[in-house]
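These notes concern the structure reproduced below.
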Amino acid sequence: MAGLMFASHPIHTEAVAGIVGRADVGASLFFLLSLLCYIKHCSTRGYSARTWGWFLGTGLCAGCSMLWKEHGVTVLAVSAVYDVFVFHRLKMKQILPAIYKRKNLSLFLSVSLLTFWGTSLLGARLYWMGNKPPSFSNSDNPAADSDSLLARALTFFYLPTKNLWLLLCPDTLSFDWSMDAVPLLKTICDWRNLHTVAFYTGLLLLAYYGLKSPSLEREYNGKAVTNGKQNANGHSCHSDVEYRNSEIKPSFASKAENGIKNNVSQTTQLPSTENIVVLSLSLLVIPFLPATNLFFYVGFVIAERVLYIPSMGFCLLITVGARALYVKVQKRFLKSLIFYATATLIVFYGLKTVIRNGDWQNEEMLYRSGIKVNPAKAWGNLGNVLKSQSKISEAESAYRNALYHRSNMADMLYNLGLLLQENSRFAEALHYYKLAIGSRPTLASAYLNTGIILMNQGKTEEARRTFLKCSEIPDENLKDPHAHKSSVTSCLYNLGKLYHEQGHYEEALTVYKEAIQKMPRQFAPQSLYNMMGEAYMRMSKLPEAEHWYMESLRSKTDHIPAHLTYGKLLALTYPAALMNLGAILHLNGRLQKAEANYLRALQLKPDDVITQSNLRKLWNIMEKQGLKTSKT
């Protein structure tokens, strides 16, 4: 039942259908492989040399799971919970006495190694992140940005409740839960706090039920058992009371006893309800902890794909509850009712998954489906899709709808300005670019397009100030550092072009050099290099000009402006070289070769006075020596 529920649950649609969700699916695969390896390690510990091979597999798979998604490392904590509370059936009050009496040292060795490996993986991950958590936009997680400690606390305590509701009743799903999709809880009087209280009360009761001291009555294989005696038509089992005053023994490890080998056929014993509850809670809670904002702020409010691993615990918890009810009730009608109710839930989950898969068919359908939950983000993304489909008026309407719901979205203000600029509505475009800059002063692309419009309108001084301001934006706390650096480089390029058109070639070169220093790796530099060549050419520094023209053509061999400007350079330099070579040959008495070079120079530059003069002098000498000239 748990497997069917997991397979059909609609909360998985994002993780399965969305490319970014591949990380969660991959992490889940290695999460389960790691847990299975540890279960094998537990069952072979103490009598097989292969046990540490299984432990090695646990560590390697946990590392792979973390490389897919950071919360994959939590499988080590789940494994520890399984070993202590499920495999060995330790209760909370038994842990300290067991440590004090040094019983089951192999258990504590395994748990210590799990702790060491988990700490090492987390330390390595933190080191790779530069020893600081990632930074996110305020709109991605509004609660984290709230100035009110009460609002942050109430909202963060409430969010797990909302996530559990999505698992239980996934009626409303969305590709994005940021911004105002989940309004902040700002006061104690907010009725949603009742949900929070109910959630944590239920969670604590379940934890108490799973970790309480052993009771006198247990249920195995669907049969109730008291003090090791079966109650009716069932098999007898050892009661947990036997573990109170004896050495701690595993609950379902197949150890060799009395000289009988492990492979002797034994009746398979299902784990007790309490054990499954503990394992279910650990699968539900522990992998979700990194997303709770308790240890560090995360870049989302709710992310359905993050629930892929915790949903395993949820599905187990629901079905173990159904199984417990099924065992408790005596009437066949009630047993059938429980069975069919669970089956119906699975069918409904499956139907919702089919419907939700339809939303993920393409971007347009996905964004339309999210309008109800997050209208600002959904309308904005829908506008981008409609624009790519050349539905300009619909795209503009979508952008305006997004801004109606959230007027300070810098990206949306910029996108609307860009759409207006591309349709030659420059005055309106400038208005929205300025609003975008006001909302996010570090939005370099808005400065860039503002400066371009002003430059085209002849407002060169305003354009210059805009480009300069863009170039001075610090490279810190940026939403997209690569795009920012590209925009800053483009601003410097246009500023240099502005200086170039005004005849300030030295200033232009200074700006171009700054652009090269700030240029990101993905920036296409051919135009920038070509303009540097132009500036050097205007300053008659022809070797430097030739160098940058060649750099431009090396970066993009079919860059037409560079071919044209380099052609002009060659048209200036090549005749001069031919004239100089002719003069050298002339002085060395190689008159006929000197004449040939003078003539080729004049073919390229017919009005060159120096070449004409040198050629006349050469002809005079050749005539005196009786040599034939091209003139004759």
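All positions are counted from 1 along the displayed chain.
Every residue gets a Cβ built from N, Cα and C, even glycine.
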Stretch carrying transmembrane segment according to TrEMBL (options 54-78, 104-128)
104-128
Would you mind splitting the domain 'DUF1736' (131-203) into helix, strand and coil residue counts from DSSP?
39 helix, 0 strand, 34 coil
State the non-local partners of the transmembrane segment (306-326) in its own chain: residues 6+ outside its ends, Cβ under 8 Å from one of its Cβ atoms.
1-3, 5-6, 9, 11-12, 15, 21, 24-25, 27-28, 31, 71-72, 163-164, 166-168, 206, 219, 222, 273, 276-277, 279-285, 287-288, 291, 300, 335, 338-339, 341-342, 345
I'd like to know the mean pLDDT over the domain 'DUF1736' (131-203).
89
List, by number or range, the same-chain residues at least 6 past the repeat 'TPR' (489-522) whose CB is under 8 A from its CB atoms?
444, 447-448, 451-452, 455, 460, 463-464, 466-468, 470-471, 482, 528, 531-532, 534-536, 538-539
